[in-house]
Amino acid sequence: MTNNLSGYRNKFVRVKTSRKRTVSSNNWLRRQLNDPYVAKARTQGFRSRAAYKLLEIHEKFKLFTPNMKIVDLGAAPGGWSQIASKLIKASDNSLNNKIISIDLLEIRPIVGVEFFQKDFFEEDTEKLIIQALDGKANIVMSDMASNTIGHKATDHIRTLLLCEQALEFALKVLKPSGHFIAKIFRGGAENKLLNKVKHEFRTVKHFKPLSSRSESTEIYLVALNKK
């Protein structure tokens, strides 16, 4: 699994406007049709281009090894769970080498992944995850983001709140020396969150994968070795 895009950069595809589509929908479709990572994901059988973001994070920080328990928050359509399953060599009958995935949207089965179609913020979901883990997690990862509205400050705050919730959960279920990965949007309000993360983990890094669109303000918070 590599991020080499040779052969995936196609000739620019124009999108015909339609009265049934909004301007933002047309822009999204144009990006999708001309995105080499979308084409590569389709060819290699990954659920989404986000799979390459996690792969790049792993290549940079060497996070995943066999015999891990992982929680994937906001998992649909399953790109991150797919990558994690391959990296830890997960299997459906292993108790100590598995991934627990949560999302409101359904995802198709993935080897070694136990999926719950639940709202992460419902009161009983946390108990359900903890029960399924049957112990502490090595990694909690979250690619959750709120539905963007195009207002950068609002999108920043909404996704930051999701990250804060994911962090609170991670601190409950991670083993000592466990890792936390989460998406945030840059915007200036993240300092309080970063200070808390730095207090709880030995190493905290920001990382923007090459597979993250250049115009996007998203970055990934990579917190290593929980104290």
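For all residues, glycine too, the Cβ spot is worked out from N, Cα and C.
As recorded in Swiss-Prot:
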ACT_SITE  LYS183  active site, proton acceptor
BINDING   GLY78, TRP80, ASP103, ASP119, ASP143  S-adenosyl-L-methionine binding site
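A map of Swiss-Prot features onto the structure.
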residue: GLY78; record: S-adenosyl-L-methionine binding site; CB count, 10 Å: 25
residue: TRP80; record: S-adenosyl-L-methionine binding site; CB count, 10 Å: 29
residue: ASP103; record: S-adenosyl-L-methionine binding site; CB count, 10 Å: 21
residue: ASP119; record: S-adenosyl-L-methionine binding site; CB count, 10 Å: 12
residue: ASP143; record: S-adenosyl-L-methionine binding site; CB count, 10 Å: 22
residue: LYS183; record: active site, proton acceptor; CB count, 10 Å: 22
Rounded to an integer, what is the Cα-Cα distance in Å between ASP143 (S-adenosyl-L-methionine binding site) and LYS183 (active site, proton acceptor)?
5
Could you say whether, by DSSP, GLY78 (S-adenosyl-L-methionine binding site) belongs to a helix, a strand or a coil region?
coil
State, in Å as a whole number, the widest CA to CA span among the S-adenosyl-L-methionine-binding residues GLY78, TRP80, ASP103, ASP119, ASP143 given in the record.
18
Tell me, by DSSP, whether ASP119 (S-adenosyl-L-methionine binding site) is helix, strand or coil?
coil
Could you say whether, by DSSP, ASP143 (S-adenosyl-L-methionine binding site) belongs to a helix, a strand or a coil region?
coil
Nearest to LYS183 (active site, proton acceptor) by Cα distance: which of the binding-site residues GLY78, TRP80, ASP103, ASP119 is it?
TRP80
